[in-house]
């Protein structure tokens, strides 16, 4: 570990004794509930909310109970998620995804896997040879509340690969992982910082001022509504409550361990988590702060634009200010210690630092040379946290050993650190009334930010700094003052005497005048006195009215506004666009509604993409067309298979073709997507023909699950199986249980797929049906009188099929498919335990 310097920034210039009266505790009080919201057509519920009328302070009680109430109701409007998806695929939840993601082997419908639910094996087009995502990647999709420092529910679907096959290699795991389509960059790079950062603060007031860099409401709002870096805010929450009875100074030691670095995609390319998308869909199109505030509670104020997975170590050590002063700690010792260095993992080397060590021991009231603090640890094993809460001043090796053990555990149990954030309203998309809801969520975030403004708090005495924590206010005291209201102790030097002014909360916005609205505030919380400084900032604030923006949105989305303003006449469905479709098409098109066209994958839209429903109930459509920007496979002749299979191919990509079913390829086998977006050579020159083997060529004998192709045995396709015994099996990749046959399981195993037999009752097998002669299975024979298939006796089996292991009457035995099918056909209960002969009989 490298040597680190400690900067002790405490000096005693002068003192002024303060005799302040104690402030009486103020208990939190709820305001009355707002009116009930409009009945939600999807959940058939309505909510109401109450805000805090009086914040608890000076040791008073916080508010008890929930801010929200919900009740059932009868909706007057339908559910927007019941609308269609146009040319795209509709998940069971109502969320729309590209049709190219259907039957690709990936569950792109986040919660229900509807895109893979009804796919036959022959329809599946696996888009990648691996499907294991990097460990803990789900953490990159969580929402984040910047005001509370807490991670919230998922807003990004980190499970979707988007049909892409992007891989990243982990040196620690010695394996490749498949990246989510929502991640732009994901790097496994362990960064352990050996240089511990630590600071010495002369009060909790100094600490909060340092960690909360934005103090005015306007600067807080500017920071809040732009992409910004953020670290955990929870450290400041507890600095004041722990030590109220004395004045304490803080020694803060911190460090980080990084395991992985990530960058999420731009918001327009992110696939939303289905629960979050549903909540966005359910938001009312008329502004109701209660409904939007509930979304903020569940999903936070921001989402993660980038960051690292790792661990964050921070410990706050409290030192009694008066005892430190009594031990004669002066700036002389500070300089001596600073010049020689001080480190908690090496022994003190200078006389000045030794004096500092003794002063810290005496001032912190430690015994056995142990300095105890309050740990704020993110990531790593929970069992290590208690061991990180103290430092042994005479045992630096022990300190290092405990820290290293925690740092090692971070690799397996990381959390998000060093996050860069983007406001949550940037993710409002792919829902009805998207522009209106995006505007309203931004407005709700502004109101939410105002709830945490310290203007709601009563003044702290002796220049203390108030902050809002939940439903109560805390006072962070200046050096050598303490108490619930900072009413006790002394102020040092030029801080004594005066009281600086503080802002009241902003008034409500005025009515719009010439497109602008204003609000005001006063410098009376508290007013400046005794030579104290006046408030910094403006007493009035003006901004553009939302009315103009809402009027513009009313033209784009008239159906999102009150019914009295919505036309009662509607246009038919928008005209079709070749190689394209309408985004978020919906089912109703009132006069004035605009729709936006987009193109299928592999095409780009040229022209004006917006069409408008005119007053004559006809669509006003400008010039537009979908221009090809990539190569698209033509309809291939029967028997030709292509690899890789993709919706489109960019210039320079190659495709190879082969023949199936014992056919051989005539013509070229490789094709290049050229700059003219045509295949070179032309694919029509490739076709499959029946290949006659030379008489002298030895014909290999293939297994039942194989077929002869180009003079060699290759795996059949499942649909090429002849009738075989029905079984239930679990796909170990997707964990889905499917009805298969013994033959199909052999074929899938031949192709490298991992399927495991399950009980017959675990899936729905095809019902037994009477079959005409000529379609009898192995265990059936033709009855001449009825011309129907009937059960064979086991002794009558002619073609036996596969040898399998079957449990009959509790005992396993090897028998042919025909014999097992004969028993099942006659109603006897059997269980297929292996698609191969029993192990005991093959040894």
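Just so it is clear, glycine is given a Cβ too, placed from its N, Cα and C backbone atoms.
When the ranges 30-67, 68-105, 106-143 are checked against Swiss-Prot, the one recorded as region 'Disordered' is 106-143.
Among the ranges 498-517, 518-537, the one that Swiss-Prot lists as region 'Disordered' is 518-537. There are 16 other CB atoms within 10 A of the CB of residue 128 (disulfide bond), with all protein chains counted. For residue 509 (C-linked glycosylation site), the nearest of the recorded positions by C-alpha distance turns out to be 36; the candidates were 36, 39, 63, 91.
The secondary structure of residue 96 (disulfide bond), as reduced to three states from DSSP, is extended strand. Geometry remark: residue 63 (disulfide bond) versus residue 503 (C-linked glycosylation site), CA distance 24 Å.
Listed in sequence order, the residues of the same chain lying 6 or more apart from residue 119 (disulfide bond) and placing their CB within less than 8 Å of its CB are 102, 103.
Between the alpha carbons (Cα) of residue 475 (disulfide bond) and residue 702 (disulfide bond) lies a span of roughly 83 Å. Look at the Cβ of each of the disulfide-bonded residues 433, 535 and count the other Cβ atoms within 10 Å; the largest number goes with 433.
DSSP classifies residue 560 (disulfide bond) as helix under the three-state reduction. Between the C-alpha atoms of residue 109 (disulfide bond) and residue 39 (disulfide bond), the distance comes to 28 Å.
Counting only same-chain residues at least 6 apart in sequence, those with a Cβ under 8 Å from the Cβ of residue 36 (C-linked glycosylation site) are 46, 47, 48, 71, 73.
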